[in-house]
């Protein structure tokens, strides 16, 4: 009855020595050294990453609000009804999308990419083809083609000797907007089979072409270049090439998933008695 306050067996009491690893100075030094190495490694990663992509600049492309996202989706779905495509800030200036409705962002492309991967998983499941490997392969394929597309755009600018206000993150944002149309293709294919996919593919292609021609014109075809016919013509062809890549990529990335039809089941031969 008088042992309620006694510690259980094996538990170090006040008169018992603490375990060795609590009092070992070498363990403390090793822990501090490991924390120091982790901090140095983090600094090295941030410094090398800053050489390619500025983290502070990257945050601007995710500075969106609900109003901006709703308007951007409207622009992507119904670009034909939009009248004002101008940008109030200089194209070379990095501005938060919530302050400029026509500025590119990375939030909508990122969410559209994730949504399309989830839609692909559902489609593969309805087609009895779902495996984690196939879903990961689809994500890797989309990212690989995104890199190829950006390299093609940069190569086009280099060959045609065009200098534009398009940053790398601008290109990443604009080329990622087609994922919204790919989601539409996936959903239509899910509910209306192959014919729904074809209708969605045609509409999404026309919409993304219209969107690119109106949005990229500010960056690729500035007004001051209209007097220089040779330079203006080169920029126009570059704009048309970049725009033509979008419906091609939508078809290339969705055709194997959205237009798939399972083979019809073969009826067993009749049993003769």
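Placed from the backbone N, Cα and C atoms, the Cβ positions cover glycine too.
Taken from TrEMBL, the feature transmembrane segment applies to 106-126 (among others).
For the transmembrane segment (138-159), the residues of the chain that approach it from at least six positions outside its boundaries are 113, 116-117, 120, 166, 168, 171-172, 175-176, 179, 238, 241-242, 245, 249, 252-253, 257, judged by C-beta separation under 8 angstroms. Residues or ranges marked as transmembrane segment in TrEMBL: 138-159 (among others).
The transmembrane segment feature in TrEMBL is assigned to 171-191 (among others). Beyond the ends of the transmembrane segment (171-191), by six or more residues, the same chain brings 61, 73, 76-77, 104-106, 108-110, 112-113, 115-116, 119-120, 122-123, 126, 142, 146, 149-150, 153-154, 197, 199-201, 203-205, 207-208, 211-212, 215-216, 246, 249-250, 253-254, 257-259 to within a C-beta distance below 8 angstroms of the stretch.
Feature annotation from TrEMBL assigns transmembrane segment to 197-216 (among others).
Among residues of the same chain six or more beyond the transmembrane segment (236-254), those with a C-beta under 8 A of the stretch's C-beta atoms are 141-142, 145, 149, 152-153, 156-157, 160, 162, 175, 178, 181-182, 185-186, 189, 197, 201, 204-206, 208-209, 212-213, 216-217, 220-221. Under the heading transmembrane segment, TrEMBL lists 236-254 (among others).
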